[in-house]
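Annotation source Swiss-Prot lists compositional bias 'Acidic residues' at 1-21, 403-416. Summarising the annotation, Swiss-Prot assigns compositional bias 'Basic residues' to 140-149. Residues or ranges marked as compositional bias 'Low complexity' in Swiss-Prot: 154-165. Among the features that Swiss-Prot reports, region 'Disordered' is placed at 1-29, 135-170, 244-267, 275-294, 397-416. Residues annotated as repeat 'WD 2' in Swiss-Prot: 359-396. Residues or ranges marked as repeat 'WD 3' by Swiss-Prot: 437-476. Per Swiss-Prot, repeat 'WD 8' is recorded for 622-660.
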Amino acid sequence: MASPEDENPFQDDPGQEDEDGSILSPRGLEAFSRKVTTTASHLMGPVVDPSSSGHYQSAMTEVQKHLRRPNLQRSMFSMARTTPSDLVRSKLSTREIQHRALAHVPDDMLANIPEDDNNSYSLFQGFQASFPELTDEGKKHRRRVSRGRKLLDEGPTTPENGTTGLQKLRKERASMSHELEMLGIRKNMASSEIREIDIKIANLHGMRRIILERLAALEQEETLLEHDLMEVEARVEDAQMLADEAESTAQQSSPRDTDDADAEDNDGFMSQSIYEKIPSAASTPSKSRKPRIVRRKSMAVLHEHFEPGTSIRELRAHQDCITAMDFDAPFGTLVSAAMDDSVKVWDLNAGRCIGSLEGHTASVRALQVEDNILATGSRDATVRLWDLSKAHYDPHGSHYNGGDDDDDAMAFENPDDQPVDPPAGSMADCPLFTLSSHMDEVTALHFKGDTLVSGSSDKTIRQWDLVKGRCVQTLDVMWAAAQASVSLGTGDGAWRQTARSQAEDADFVGAVQVFDAALACGTADGMVRLWDLRSGQVHRNLVGHTGPVTALQFDNMHLVTGSHDRSIRIWDLRTGSIFDAFAYDHPVTSMMFDARRIVSAAGEDVVKVYDKVESRQWDCGAGIKAAEEMKNPPAIVERVRIRDGYMVEGRRDGIVGIWTC
């Protein structure tokens with residue numbers, strides 16, 4: 001049973017109560033101090049070092065001194081009849097007391113830190129040296145061999161710690177050996193993965209090669225089927241025309257029979273001689289058929305899957321220098337002309353010659369093929385039109401050898417590397433008509449739709465109507481240059497006689513291109529003139545080249561020109577200024593561009609290619625392979641054409657090379 005003293009230890013006399021309950025007696029304070037000291041010793045004793053328990057006792061003694069102050073007594077024990085033990089338990093838990101005791105470091109403990117005059121490293125530096133992998137520098141160099149070494153030198157070796165240091169070194173050696181072994185295992189695993197990837201890549205290359213062969217076979221079959229379809233369409237067209245003629249003849253015969261009956265009744269209407277002069281329907285010639293424009297229904301995509309600069313085929317086309325060539329589409333129809341006065345038509349898909357075009361009396365200097373319609377301009381001052389769809393050509397078999405066909409071999413392959421003569425008469429039905437109004441050789445031509453323009457050494461440019469087959473306009477270049485000089489008063493449009501790179505054999509009109517009513521022509525004075533065919537006047541003069549212009553081509557924004565001054569210039573058609581320019585080591589003899597590349601023949605055994613997307617120059621042609629294999633260099637490239645990354649180049653020795661670009 002609790003004594004009266006235990007019931008209220010804060011009173012000096014249990015039977016009496018002080019008038020002011022907030023004032024504590026000395027006896028009560030001593031009892032409270034003992035309880036707080038006992039509680040603190042009980043809670044904090046197990047988690048601290050016994051040697052430091054005196055700190056808490058001295059702390060409680062200091063608390064007792066402060067608690068004796070009257071003001072502090074009033075503020076702390078203002079609540080009536082609340083024991084100190086209940087007050088402490090309601091404010092601080094065991095976990096909170098332990099945390100405060102561990103986290104708070106009093107000043108007297110900090111003052112007792114021993115100082116080592118012989119050690120110049122701080123505690124933090126020692127931590128960094130012991131655990132270098134936790135620092136920023138250690139993280140950057142974690143894979144180095146020295147990552148496990150200490151950054152601080154160990155103290156002097158004594159007999160007591162010598163054994164411990166040796167054990168640490170052995171453990172470190174074992175750890176490093178294990179790590180080295182693991183690195184070797186990982187390296188072997190990485191090598192195995194690389195070998196597996198190489199095997200997969202080789203398998204993928206093999207699969208790609210097989211699929212490319214399948215694609216080539218599909219395109220070959222597609223071309224043959226398309227050729228058969230065009231033949232059937234031509235037969236349907238002919239049958240329909242014959243049916244229409246028969247129907248019109250039948251309709252005309254009925255009224256003629258009636259007229260003959262009436263004439264028998266009226267013998268005096270006309271004499272017999274008059275009737276004999278009336279042409280009959282059978283003798284009336286039918287209207288001439290227009291050239292049938294045949295467009296391909298499919299486009300080849302095989303060349304798009306080859307690496308740029310890959311050689312597709314080489315053709316021994318001619319025995320002399322190639323002067324002009326053009327093709328309509330990738331793996332389509334190629335027409336080539338040379339100094340040997342021959343013009344040949346080639347099937348690029350099979351690599352065989354379809355036939356030769358005969359009619360010109362001199363070599364062809366310019367030509368263009370579009371939708372099976374071919375225009376050729378020759379030194380004989382004539383322009384001839386041809387319909388290549390009328391050629392007698394069977395793409396299924398060989399016309400040259402009578403043996404069994406080998407489907408896997410390249411058709412019409414010549415083992416002696418000599419041009420093979422095509423069958424006679426295969427192109428006999430191709431000529432359409434001849435345009436002969438020029439007085440000198442035709443050096444440039446271009447047609448679009450029903451309009452054809454041709455430039456000649458007679459210093460004129462003529463516009464032709466392909467429907468009527470006649471010349472509709474003649475443009476005098478010298479007269480236009482004189483008119484421009486007079487009207488401008490600056491001499492910018494005048495004929496320039498002192499071009500620095502003027503060549504004696506340069507063509508007066510080097511290149512032309514027409515689109516609707518717009519005409520661009522490049523001449524021997526280095527000028528590029530833009531004409532308006534509706535008025536026959538020069539709309540703008542582009543001055544920049546110092547040599548004869550040999551090639552030009554324009555789209556809706558830019559015009560690209562090549563010249564004997566060894567440069568290619570890109571002009572902005574909106575402002576008439578130079579947008580870009582490239583310089584080469586030799587004169588530019590031929591140039592063409594597609595959506596991505598500008599290709600040019602610049603007096604070398606390779607074709608100069610400029611990639612407009614990547615803005616880089618590179619070479620493509622047989623000269624690269626010959627240089628790598630230390631062989632004799634091939635002939636100089638004279639002509640080059642490109643469409644959709646499919647490039648054809650013609651050389652001085654008559655060989656035609658076909659490349660992906």
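Glycine residues also receive a Cβ, built from the backbone N, Cα and C atoms like all the rest.
Residues 362, 365-368, 370, 373, 375, 377-383, 385, 507-516, 519, 521, 531, 533, 536 of the same chain, all 6+ positions outside the repeat 'WD 3' (437-476), place their C-beta atoms under 8 angstroms from a C-beta of that stretch. Outside the repeat 'WD 8' (622-660), and at least 6 residues removed from its termini, the chain residues within Cβ reach (under 8 Å) are 299-300, 303-304, 306-327, 329-331, 334, 336, 338, 340, 346, 348, 419, 589-597, 599-601, 603-607.
Each residue of the repeat 'WD 8' (622-660) gets a DSSP state, and the totals for helix, strand and coil are 7 helix, 19 strand, 13 coil.
The repeat 'WD 3' (437-476): residue composition by secondary structure is 0 helix, 26 strand, 14 coil, according to DSSP. For the repeat 'WD 2' (359-396), residue counts in helix, strand and coil come to 3 helix, 18 strand, 17 coil, using DSSP.
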